[in-house]
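Structure record follows, encoded as structure tokens.
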Amino acid sequence: MDVLVFIVSGTLAAATALIFAAMGELVAEKSGVLNLGIEGMMATGAAMGFVAVSLSGSYTVGFVAAAVLGCLLSLVHAVLTLVFRADQTASGLAIGILGLGLSSAIGKSYEGRTVAGLPELNLGPLSDIPVIGEMFFQQDIMVYLSIALIFATWYVLTRTKLGLVIRAIGESPENAHALGLKVRLIRAGCVGFGGAMAGIGGAYMSTAYTPLWAEGMIAGRGWIVVALTVFGTWIVPRVAFGAYLFGSMSLLELSIQAFGWNIPSQAMSVLPYVVTIIMLAVISRNLAFIRLNSPASLGAVLKIS
Amino acid sequence: MSRLVIESRPERTVWAPIQVSLLAVLLTCLGGSVLFMIYGVPPLKGLDAIFIDPLRTSYGVGEILLKMAPLLLIAQGLAIGFRAQIWNIGAEGQLIVGAIAATALAIQFQGTTSPLLLPAMIIAGMMGGMVWAGIAALLRAQFNANEILVTFMLTSVALQLLYYLVAGPMRDPSGFNFPQSIRFDAAAKFPILIEGTRVNASLFIGLVASLIAVIFVQRSLVSYKMSVGGIAPAAATYAGYSSKKAIWLALLISGGAAGMAGVGEVSGPLGMLQRNISPGYGYAGIIVAVLGGLHPIGIIFASALMALVYVGGDFALLSLGVPNAVTGIFQGMLLTFYLACSFLLTSRIRWIKPDALKQEAPAD
Amino acid sequence: MVETPLLRLRGVTKAYPAVLANDAVDLDVMPGEIHAVLGENGAGKSTLMKIIYGSVRPDAGTVEWRGEQVDIQSPLKARDLGIGMVFQHFSLFETLTAAENISLAVPGTIADLSTRIRAASAQFGLDVEPDSRVQAMTVGERQRIEILRCILQEPKLIIMDEPTSVLPPQGIAKLFETLRRLASEGIGIIFISHKLDEIKALCDTATVMRGGRVVGVVDAKVEDARSLTRLMIGREIAAPSHSAERGDGHAVLEVAGLNHTPLDPFAPALKDISLTLRSGQITGIAGVSGNGQDALTRALAGEIVQGSQDAGTIVLEGAELGADTPDQRRTKGLHFVPEERLGRGAVPIHTLSENTGLTTHHAGLVNWGMVKLGKRRALAQGTIEAMDVRCGGPDATAQSLSGGNLQKFIVGRELALRPKVLIASQPTWGVDVGAAAAIRQKLIDLRDEGAAILIVSEEIEEIFEICDTIQVMFRGQLSPPVQAQTASIDDVGLAMAGDFDALVLREAAHV
């Protein structure tokens, strides 16, 4: 039972940062904008969040600051791709690099420091339920918010007018523009939302999950987030499932260390990357399936005037 | 009622890409000034440290040329793929694997004085880079797996592989457990190109590669086909150009070039394999390729500029105490501003006066 | 003159860098009137409609809406005023349902809208199933959604941009019925077309445009086709001349039992296609687009490789083409002019010289893997001269050319290599009258030299004008061939709606 509790509660915590960033990226991609700079925005959010929490002592301030900076950075991507019609791939890489540089500059003097860590939310009797309570109800508030975000994203995308508009713009921004929909505004909103969520995801890593700031601590999670949208074929529950799958994988790394098995730590570290590559190959192989589910205009240069 | 209009350029010009690059540098300087002010450094002093200071001494120039070699090689390789919209962002990983492959030979033939060792290491390094990039090519061509994500993931794998090897199988047995290989023999190292500097013959290889790239891009049918595939995939399908061939070529060439750059590092300034063999040359190479307008000649200048930023960042750290994170921000700004300005490649801004309207007769 | 016009344009002018698209255009549309705007391609109709619909801003001139001057800044504003538009290329979203598509432009919940859609469907004779996805719909159904989307916004004015170009003849009659019902409710309709018989059958008044100017406002019922043509074109267009010389009529390309299932699950599969192209003959494939023409031309040109479920043979001069790629087929004399010019037939940002290389490198332009740039440029120059392409020379980019000139260039590029078989998809679509006539003449000349030609076209008139034999495509199937001289337009129209029998019976009666 203890093992199960460890796995479930650990997975929930480990996946939280991925969930935030992945839901944000999913919304941006649904509107037709690929943002490859997630890694940089998560790193910037991590540094900003950590610094803000250290200075203010308030987690609210920390997450808000991370979200704002992540959002601003992603809006640079929005301006480049939507106004200057830059290639989405090149632009995403550019702000990714910019974000990594920014994170290192912001966090420079906080390197290796720690903060208290986000406290568990006391859910009273729920937290006291044996096993179930330990698995699900002894988490910090961001874990619950990330789960709420999954439902909110799913609801908005599939059940609301706004979601319909986002999906329509993602399929054909030209048609949407002809209909009078505000393509640039909506896309910028989606990209900005994605940036804010990536910032929060990053901040969760540095202020709650680890909790410390070290340069390079995002360690490719931003790229795994991009891969998750392909893995989940742009469907909210599948993307969330993917995030939890990857969350459980990082847990594996911890447990192997804990059990003292004699496997090189590097072999465990490469696991998420290797699994990502294999999954990409397996999922992408079905061209018709990908074509049916991916936003048709994803990655294409905006052609409206 | 005159007004500003943005219209598409009817013809391509040689000058537009140069204008765009210069504009991007100018805007980066402006952005950099703000950055220096935040650090409490007078902007001109900061810019001087990064862009001018390294050029004052022969040491500085030597360091620039040293760093230019890997950037040049990597960017020339990447640009071939980028023109075809095949995005290899894992040159860093291919560099690492190339370095590992070359090091394997250097360790195996420790003590030899054979002049064939270095050429063999170069070939091994290029093969290493090609194999690493070839995995991404295979997955893209056969399984349609996105090469951007795969090449990135492979870089992370390569890094862990490097950490594992320098900590174990390739560690110098008499090196006090430091995570590094043996020091390479003279036969396993590049000759110094310019006396008194660390500039070695790998820069020469980079320049030769650039020359080949010029001919390849301007004249070869293969390059033409690949660029059609990048700009207008439907036209490439119509013409009958194989996209799989383009994927393989793009990744193998760029992987080989990055592997070569890896050899240049371990057989050059480092003289051994260690945990830090590249300060992000693989990623900076992406910037160099784009900043050079994906043109072989432009890339030569862009690689020099990027090397200057690297060295200048170190200078600024030493002389002004500005953290070298500045280097990364400068690189990111260069690329960001270049992309923002590059709409001028296909469009131009003009003032239109109302009385000019009627004079423009219909074309047909 | 008691009634205020619904819409009144005065002196509307719009200039683009290379062309004055609208030059002091006046237009009046009354409530309940079906007003034709007539003109050849490039006359400025589209720009004018975009100005009325708010997606393009005029440089000068005034727009009055129900007696008041307005500034239509955006399509949103146009819709607020009560102006709706049905686009020529549908602006529908494939992955959404009919009701969802409509809800993007009309307020209300999906359930609420579905009810209104059903009611309006019945009222105006527009069959649409609100819950089905657009992906699986025919062109006719898609157009009905577009019209419904427009109607449900309760517009006072509807702009119909070449609505009949995508419909089979029977569908056109049904559409006219709907439009008349709308007009009888007091809605003004602007009907854009270049087809004179339709305008005479449907419209009250016609504003004729040429070269960006209004050249006449006439009573459509009174004018005859000749006078309208002269007004629209400004000169007589010579009918293509046929020479007596022909090829020997032997089978050059033989297709037998071709089956193919495309990757796109909603594109029709090719079913048992058999087709013979003969020397000195032009075969025309008529049909509403989206019935498998795209897959057929791609299969013939070698762009799609046959999958495991596919079958059939394509034989050129006795040799099977098998898995030959398009460039291999070209070396054997099979050339293809695709429907899309920019982005498929030519690379937009490449020069004409570079674009020449797209399909001609095998013809001695490459030495040791290096392109002979001078020779390629000379070939481009030759094509420009032979086809009278108006452009800035071989170094002009493809995207700087007008549609007609680019099409002339692409056709000329393929002709320069003396094809044995030429397949051309919509060769004159969207091309101005002069260029269209020139292209048709070149195709006929090529036939007279003995080549076998296949034309895929949506325009029945074009098929009848230049083809020797006609086959009709419907839902991935190809009708047997009929002689163009003896076939009737009505029978071909029926076949376009799926009734191959009429075509075959009539043909049999002639033999």
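Note: Cβ is positioned from N, Cα and C throughout, glycine not excepted.
As recorded in TrEMBL:
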- B:20-39: transmembrane segment (TRANSMEM)
- B:59-82: transmembrane segment (TRANSMEM)
- B:94-111: transmembrane segment (TRANSMEM)
- B:117-139: transmembrane segment (TRANSMEM)
- B:148-166: transmembrane segment (TRANSMEM)
- B:199-217: transmembrane segment (TRANSMEM)
- B:247-268: transmembrane segment (TRANSMEM)
- B:280-313: transmembrane segment (TRANSMEM)
- B:325-345: transmembrane segment (TRANSMEM)
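If one looks beyond the transmembrane segment (B:247-268) by at least 6 residues along the same chain, the residues whose Cβ comes under 8 Å of a Cβ in the stretch are 66, 69-70, 73-74, 76-78, 80-81, 84, 86, 88, 91-92, 94-103, 106, 118, 121-122, 124-134, 136-137, 140-141, 147, 151, 184, 188-190, 198, 200, 202, 205-206, 209, 222, 226, 277-278, 281-282, 285. Segment contact holds for the transmembrane segment (B:199-217) and the transmembrane segment (B:59-82), given three or more CB pairs below 8 angstroms at sequence separation of 6 or more. Where the transmembrane segment (B:325-345) meets the stretches B:20-39, B:94-111, B:280-313, the count of C-beta pairs under 8 angstroms peaks at B:20-39. For the transmembrane segment (B:94-111), the residues of the chain that approach it from at least six positions outside its boundaries are 70, 74, 88, 117, 120-122, 124-133, 155, 158-159, 161-162, 165, 170, 181-182, 184-185, 187-188, 254-255, 258-263, 265-267, 272-273, 277-278, 281-282, judged by C-beta separation under 8 angstroms. Within the same chain, residues 87-90, 92-94, 96-97, 99-100, 132-133, 135-136, 139-140, 179-181, 251, 273-275, 277, 282 sit at least 6 positions outside the transmembrane segment (B:148-166) and bring their C-beta atoms closer than 8 Å to a C-beta of that stretch.
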